[in-house]
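A.B. asks: Here it is, the structure in full.
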């Protein structure tokens, strides 16, 4: 087999750029490798947020959006934008899957349960979408409407859920029907790393009202959680009862509508409700329900979808397949879906010639406890893959900046950045030995802003800052004004290949030779 000259793309998750050095873990980290690369090779800053990635203007980027834009080589208009537009255009209340779920529950004298991340963060969901669903259910005649609120504190300030919970109490009062039936932190309900002990707590809360606590109102439950020193993300399972002390549990003939639009943290809990042979934990109750996913969460989940995804053709992965090129996707479990499913435009199956390596993320409660995560093991596998000269293209995601940045722990985020920098050194060295090249970038910012100057709280969300773009290869100039969708066309050009017409991005590297 002929040896390959690999082109590697290293995605440093959550690694943005900011002139503000205060509470900036990226700035304060000791990163001799990246410092040297920036001094020796062409580099620039590119956009990974807002309208440049198909989000509303000013909206921070996120990992799903970033990887879809990088992998598809075009601006992909995101579900947040698409669903918000449907609501504004009054198309949402006519959505066939949503209407059918509400109507079936009403006809069977059942309840309409609505679950999702109650957040204005706009990363996994938006509370405006949840409000529209509550309104639509009542307007179609549902009198039993129950909200199961997953609390954020990760893409929003750590203690910011109160206004949302109060607003929904007021909303239900104005509608004359419905109430909040439970609250729980996203740490439990939205796990994506097969920690079924967490997900089971959310499942039992919704199906049995089995929580650690019971309260008469959601704001009261939140206040008690704060008194226990639980931020929104970690709020323990709390059932909310009505004036008669009755809980609302998911029962036969009810409908359950999941209002998250992002797939990766929606899959696990969805499977607990819809997979008859689910075995992640023992389910005490398995009610026969009508379940609706807001968007496609996974190809193997058999449930109606309110907003099916549009097909993206000639993504980078598909183009490499058509060119008979070999490719490797590698990351830890936390970002594995991003370098595979999302990078491939929502396609689960690997392309011909595409290999995948999954490294288990550490089993710790939060990643500030192990800021290096599994970066050493990941880099061991990556270096071996480079040395094998088996691959034309390698896509790797280092999750540390994002996953540790979300903890709000500045010192840990600094250590995370330093760990990644050391790994990059090993990768660049391995590539040099096989005459390979490397692009280094990020999908969005996070670790460069670890404190919110407006309130002094830890800043755990993403940012809309520009992200780095470094080319470790031939003598070249990088054009200004780049964005994530320019990366795939640039990679194909570096490989001497033409850019598919479906890719609206442009090559932003001019080779001097």
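Cβ from N, Cα, C; glycine included.
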A.B. asks: Quick one: which of 13, 20, 392, 486 does Swiss-Prot put in the Mn(2+) 2 site with 63, 443, 444?
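C.D. replies: The candidate from 13, 20, 392, 486 that Swiss-Prot ties to Mn(2+) 2 along with 63, 443, 444 is 13.
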A.B. asks: For the substrate site, Swiss-Prot lists 124, 154, 155, 192, 262, 263, 264, 265, 335; sort out which one of 186, 198, 271, 329 goes with them.
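C.D. replies: Answer, per Swiss-Prot (substrate site with 124, 154, 155, 192, 262, 263, 264, 265, 335), from 186, 198, 271, 329: 186.
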A.B. asks: Starting from the Mn(2+) 1 binding annotation in Swiss-Prot that includes 402, 406, which of 177, 462 is the extra site residue?
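C.D. replies: Record check against Swiss-Prot: Mn(2+) 1 site with 402, 406, extra candidate from 177, 462 is 462.
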A.B. asks: Go through the binding-site residues 63, 124, 155, 192, 444 and tell me which ones have a CA within 10 A of the CA of residue 402 (Mn(2+) 1 binding site).
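C.D. replies: Cα within 10 Å of residue 402 (Mn(2+) 1 binding site): 63, 444.
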A.B. asks: Just name the winner among 265, 462 (the binding-site residues) by count of other CB atoms within 10 A of its CB.
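C.D. replies: Most Cβ neighbours within 10 Å: 462.
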A.B. asks: Check each residue in the chain of residue 155 (substrate binding site) that is at least six apart in sequence and keep those whose C-beta is under 8 Å from its C-beta; list them in sequence order.
C.D. replies: 60, 62, 119, 121, 122, 123, 124, 460, 461, 462
A.B. asks: Looking only at Cβ atoms, how many others are within 10 Å of the one on residue 444 (Mn(2+) 2 binding site)?
C.D. replies: 27
A.B. asks: Around the Cβ of residue 402 (Mn(2+) 1 binding site), how many other Cβ atoms lie within 10 Å? Please give the count over every shown protein chain.
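C.D. replies: Neighbour count, Cβ to Cβ under the 10 Å cut-off: 29.
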